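Let me begin by presenting the structure, written as structure tokens, before commenting on it.
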Amino acid sequence: MLRQMLANLQEVVLGTKLAVLFPAIPLAVVADFYNFGRPWIFALSLLGLAPLAERVSFLTEQIAYFTGPTVGGLLNATCGNATELIIALFALHQNKIHVVKYSLLGSILSNLLLVLGTSLLCGGLANIRKEQRYDRKQADVNSLLLLLGLLCHLLPLMLKYAGGIGNSTALYTLQLSRASSIIMLIAYITYIFFQLKTHRELFDSQEEEEEEEETAVIGFWSAFAWLVGMTIIIAVLSEYVVGTIEAASDSWGISVSFISIILLPIVGNAAEHAGSIIFAFKNKLDISLGVALGSATQISMFVVPLSVIVAWIMGIRMDLDFSLLETGCLAFSIIVTAFTLQDGTSHYMKGVVLFLCYLVIGACFFVDSIPLIDETTGNLGVKKSSGALTA
């Protein structure tokens, strides 16, 4: 039993290159216990979340070997973005609707532009003399779902501007957002059924390639126990992150929008980023696209509407109006990605364009002002000077 515990410890904790960041977890707890500076608590918690997010993805893959593709697919759909979901729930509990919206929006942008862009860039450079091809059918399905999610984000925004900003319009926007969230969840459940039952052949080649290279390295119950433990630790660190994000923003002179949209998703998407680039290097673009687009679809069609429904249950007025600037960035990112993937081939120039789009959006939110949030409605319309600008 002792040998098995040590073997599991080596596989789970030391089996990742991000293991060097694990000491940040106890340091964050100590910093909070002894009331160190809140920016220090935020920074250490952020560093500690990176290896945890990667290991949760690893553990769900291990469990999937024992549960079969159907349950494994549902488990990956639920736990694949566990970090973003837990951060969103803690932010809702503290009534920080702007942090929820910013972090989820940033996760979609990160997967579409940063993860997919760097994967296409690295894969194109590594296979510069080969023609890189992928199956367009899977990419088309994800693009359609992302466009549906974009429509559900645009309609509350357009309704607000069409009816004029006021209490009555805010109520209609909230009601429309809740109805749209239910529709988005129905669409995502249909997508899971489509992927795992009726049209599995579209995703079979991807699963077969993964199974050829990997087998389960730890037992089912060991993986389950580790998954529960790491989820609890993610919850603790997420509470630290949400509670100290404003203090870190004031101390560092960086807007909350930049921290939430750029920094948090980079940490939460560490597993997707590393895995997608590795498969792109091996010229397995179907898997890379499945990782990046699949994660973006999960956030857009599952985590975002689920957050709205949970906020509804908690009596919090969260809607799908992400304001004009944020929704515009989302719209152009989805459109650019859809155009990039339309011909079924890839080269490094496509990756360059997506990556540069992400840099431009990051620069935009770096110089953007910090919003004054109306916590009762979650609207992001009123601005004030950013610490980054006044500094």
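Glycine is no exception: its Cβ is also placed from the backbone N, Cα and C atoms.
Lifted from TrEMBL, the feature list:
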| type | residues | note |
| --- | --- | --- |
| TRANSMEM | 12-34 | transmembrane segment |
| TRANSMEM | 40-59 | transmembrane segment |
| DOMAIN | 40-196 | domain 'Sodium/calcium exchanger membrane region' |
| TRANSMEM | 71-92 | transmembrane segment |
| TRANSMEM | 104-128 | transmembrane segment |
| TRANSMEM | 140-159 | transmembrane segment |
| TRANSMEM | 179-196 | transmembrane segment |
| TRANSMEM | 217-240 | transmembrane segment |
| DOMAIN | 223-361 | domain 'Sodium/calcium exchanger membrane region' |
| TRANSMEM | 252-271 | transmembrane segment |
| TRANSMEM | 291-316 | transmembrane segment |
| TRANSMEM | 322-341 | transmembrane segment |
| TRANSMEM | 353-373 | transmembrane segment |
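When each of the listed stretches 40-59, 104-128, 140-159, 179-196, 322-341 is scored by C-beta pairs under 8 angstroms to the transmembrane segment (252-271), 104-128 comes out highest. Here the listed stretches are 179-196, 217-240, 291-316, and the one with the most C-beta pairs under 8 angstroms to the transmembrane segment (40-59) is 217-240. If one looks beyond the transmembrane segment (12-34) by at least 6 residues along the same chain, the residues whose Cβ comes under 8 Å of a Cβ in the stretch are 40-41, 44-45, 47-48, 50-52, 54-55, 58-59, 217-218, 226, 233, 236-237, 240, 270. Across the domain 'Sodium/calcium exchanger membrane region' (223-361), DSSP classifies residues as 116 helix, 2 strand, 21 coil.
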